[in-house]
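Asks: Taken from TrEMBL, the feature domain 'Major facilitator superfamily (MFS) profile' covers 15-489. Per TrEMBL, the feature transmembrane segment maps to 17-40, 52-72, 84-101, 113-133, 154-171, 191-209, 245-264, 284-305, 317-336, 401-423, 435-459, 465-485.
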Amino acid sequence: DVVETQEHYKSRWRSIWIMYLTMFLSSVGFSIVIMSVWPYLQKIDPTADASFLGWIIASYSIGQMVASPLFGLWSNHRPRREPLVVSTAISVAANCLYAYVHVPHSHNKYYMLTARALVGFGAGNVAVVRSYIAGATSLTERTSAMANTSACQAVGFILGPVFQTCFTLIGEEGVTWKLICLQLNMYTTPVLFGAVLGVINIILIFAIFREHRVDDMGRQCKSINVEGEDNGVLDQDEEGNVDHVAVVAINFLFFVILFVFAVFETIATPLTMDMYSWTRKEAVFYNGIILSVVGIESVVVFMVVKTLSKKTGERAILHGGLLIVLVGFFILLPWGKKLPNIQWEEIKNNSLPRTNPTEMLMPFWNLQAAQLPSNHTVEPVGCPVTQSWCLNTPMIYLAQYLSSDILIGLGYPVCNVMSYTLYSKILGPKPQGVYMGWLTASGSGARILGPVFVSQIYTHLGPRWAFSLICGVVVVSLLILEIVYKRLIAFSVRYGRVQE
């Protein structure tokens, strides 16, 4: 056994902190433009309709889903610095492309689609990040490190829209640099800022990041990804097979967790517009505040769960997190008798004009119903009569909605961290790049299917059907967790090398 030196320990944790930064920048790359995609798309290409917006939003997750296993495979056989630098460089180039999508005279929407897909492709490096952290931490360090990684990801999602809001002060016109055809405005400056952060990340990867590996007990081992950087010995715990039943089960549970959270994020704007007669601007503003609070709540949960897991274990916490998510969606079911305001009544009564300077985050399946003839200046509010369920489905009270937000904001981060932690422990000392790639791809697939599912079910059948089906999916996941509960143990525990 090779005891880890103090120098190795410091270098190992410096490298892990670089991985935290990479995860943070990956999530910023997604969220920093999400509020402005729709108005920017309308500005650069009037031929783009609302359905195309859906493809642009989904393209990020599609790109990440394709790239994650590829980067994971790459990291299993080569120094991880290679896929990390290449993926980050792709994201930087994609952000620059996004800033120039206004230049072509036609097909601008397809350039934007390509740019967002490439940003997502670059974000496939989260599989490399997770696999590195899994190999560079002992069993006792793993939960804390995975929680910190997820917290950095959550903070990135929170700060992205904040950065976007700050850049709105530049305005739609901004400043034009004619020499290089660059427009610095509220739409392009955020992505250029993201590109600069990416360049800084690449520099730090070259300057600070080093390959390190420790076994489940924390003993220094030689990394398979590099020769000569570690002075340890090869770990002998690689003997034994991975429990693939447990691997598949965690992949399914992770898919469900990301699926229900994608539904939660997607449904926020149309649900509040339908139930509380909020305008698009009000829905974006109020839900932005709510989601920010939920994000802060999640970061706190990430920190608390590190301590709690040492007392109860990851499996019990995952079980509790899923139960909390189930209660959160159950609360959203319509129970009362009061019906929501109907949109055509608002127009008929010629309600007071409501301003709409932007159409940020307009739900693409509801956009067409909200369009007004050119001789109208009033934005229709309330539940559109084109959704037949509006006429007979009770409204969801604001207290229900806020309570659900709090519970889902509590349950989701718990499930997220425990899934990654259990998964990395189940896989053991073998290279985890490909496996982490598949787990990331599962999450990306969930983020693609979640909005599609909720857009169809919610629009045609209403919230009662949508949230009942989500509750059913969570119940199935709880049953599967019960079935495989005893198999969700660390590789070293399974083979008797470490006491649970």
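Note that Cβ sites are derived from N, Cα and C of the backbone, with glycine treated the same way.
If you look at the structure here, what lies around each of the features I listed?
Replies: Nonlocal intrachain contacts for the transmembrane segment (52-72), taken as residues 6+ away from its ends with a CB within less than 8 angstroms of a stretch CB, comprise 30, 34, 37-38, 41, 83, 87, 109, 112-113, 116-128, 131, 362, 364-365, 367, 432-438, 440-441, 444-445, 447-448, 451-452, 455.
Away from its own ends, the transmembrane segment (113-133) comes close to residues 15-16, 19, 22-23, 26, 29-30, 37, 52, 55-57, 59-64, 66-72, 74-76, 80, 83-84, 87-95, 97-98, 101, 145-146, 149, 153, 420, 424, 431-433, 435-437, 439-440, 444 of its chain (Cβ-Cβ under 8 Å, at least six residues beyond either end).
Within its own chain, the transmembrane segment (191-209) has Cβ neighbours under 8 Å at 14-15, 18-19, 21-22, 25, 28-29, 32-33, 80-81, 84-85, 88-89, 91-92, 95-96, 98-99, 163, 167, 184, counting only residues six or more beyond its boundaries.
Within the same chain, residues 54, 57-58, 61-62, 64-66, 68-73, 120, 124, 126-128, 130-131, 134, 242, 247, 250-252, 254-263, 266-267, 270-271, 363-366, 387, 419-420, 423-424, 427, 465-466, 469 sit at least 6 positions outside the transmembrane segment (435-459) and bring their C-beta atoms closer than 8 Å to a C-beta of that stretch.
Beyond the transmembrane segment (465-485), the same-chain residues lying 6 or more positions past its ends with a Cβ under 8 Å from any Cβ of the stretch are 245-246, 249, 252-253, 256-257, 259-260, 263, 267, 315, 318-319, 322-323, 325-326, 329-330, 332-333, 454, 457-458.
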Asks: Can you give the mean pLDDT for the domain 'Major facilitator superfamily (MFS) profile' (15-489), rounded to a whole number?
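Replies: The average pLDDT of the model in the domain 'Major facilitator superfamily (MFS) profile' (15-489) works out to 81.
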